[in-house]
Structures are given as structure tokens and as C-alpha cells.
Amino acid sequence: MAHEKTLLMVKPDGVKARLTGEVIRRVEMKGLHISAIKKFKFDRHLAEKFYAVHKSKPFFEDLVNFITSGEVVALVVEGEAAVSVVRRLIGPTNASEAPPGTIRGDFANSVQENVVHASDSLSSAEYEIGLLF
Ligand SMILES: Nc1nc2c(ncn2[C@@H]2O[C@H](COP(=O)(O)OP(=O)(O)OP(=O)(O)O)[C@@H](O)[C@H]2O)c(=O)[nH]1
Ligand SMILES: [Mg+2]
């Protein structure tokens, strides 16, 4: 195991539902460290870069519309095995199937509006942090 950096982001639905503090609380309670934080609104150009891996997916247009629909809060999270630990804290993509105790399982019930994003690998973490910070 190693010290890692990952990107965690509260999406527009999470910010509107005032879940930013709850997300931060869970990350800190887990023993991870927040080394940077930023609130902003994606423009289309940045959203298309951020979600470039999904460009060919049928939901790409909806996803870009959603992520540009309001402010987000991006966090750089650091700690032991941070990439996989944060993915486990947020739960599976489809919030309807996410178990209780995970952020998506506790606060969402949709595949698209699922409260948070987190990098799925060290290389995507590097790409996403470089893009947003
Ligand atoms: N409408 C719709 N949106 C989807 C679908 N699959 C994924 N998404 C959205 O696209 C985002 C990115 O998908 P993935 O990267 O596969 O899922 P993920 O890694 O768990 O989610 P992120 O942490 O946000 O990247 C998801 O978080 C959802 O918001 C789908 O089938 N339909
Ligand atoms: Mg993803």
C-alpha cells in the first residue's frame, strides 16, 4: 500500500442537497486528508475534457448537461490507498444498487444523479487533479 492522491467531487445534485459537509465529514472520519478544495461551475469545454473517456457512451450528452447544471465542490484527498478507499466510501455507480453506509447508497437513488465522483485509478486521479487544480 502507498500514500496516494485522488480526486473526489460533490456533483451539482450533492451541492444542491447540501451534502458537501457530510461528504467531507466521511472522508475525514475515515482518516484521509483533504489537501485542496475548490467550488466552481464546469463549462461545457471543461466537462467534455473531464468526461472524455465517456465520449462514445449514449449517456454522454446527458452527463455533460448534468455536470454543468450547477456548482460542484472538488477535493484532493490524500492518504494510504486513497484511490480505492474513496471509491469504497462512495459506493457503486448506480446509487439504486449502492449499499447503505456508502455515500451513494445513503443519499441517492439514480444512476446519473449520484452525488459524488471519484477517480477510478491513479492515472485518472492524476489527469483529473491536473485538469481541475
Ligand atoms: N444517464 C446515465 N448516466 C450514467 C450511466 N452510467 C454512468 N452515468 C453517469 O456517468 C458518470 C460516470 O460514469 P462512470 O465513470 O462509469 O461511473 P463512476 O466511475 O462510478 O462515476 P464517477 O465517479 O462519477 O466517474 C456516473 O457517475 C453517472 O453520473 C448511465 O447508464 N446512464
Ligand atoms: Mg468514473
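Just so you know, the numbers here start at 1 and follow the chain as drawn.
Including glycine, each Cβ sits where the backbone N, Cα and C put it.
TrEMBL: automatically predicted annotations, no manual curation.
Values in this document were obtained by computation on a predicted structure and should not be read as measured data.
Helix, strand and coil content of the domain 'Nucleoside diphosphate kinase-like' (3-133), in residues and according to DSSP, is 61 helix, 32 strand, 38 coil. Per TrEMBL, domain 'Nucleoside diphosphate kinase-like' is recorded for 3-133.
When other Cβ atoms within 10 Å of the Cβ of Thr93 (ATP binding site) are tallied across all protein chains shown, the result is 13. Among the features that TrEMBL reports, ATP binding site is placed at Lys11, Phe59, Arg87, Thr93, Arg104, Asn114.
Taken from TrEMBL, the feature active site, pros-phosphohistidine intermediate covers His117. Residues within less than 8 Å, Cβ to Cβ, of His117 (active site, pros-phosphohistidine intermediate) and separated from it by at least 6 positions along the same chain comprise Leu7, Leu8, Met9, Lys11.
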Those residues of the chain, 6+ apart, with a Cβ under 8 Å from that of Arg104 (ATP binding site): Ile90, Gly91, Pro92, Thr93, Ala95, Ala98, Asn114, Val115, Val116
Close-lying recorded positions around ligand 1 among Lys11, Arg87, Arg104, His117, where CB distance stays under 6 Å: His117
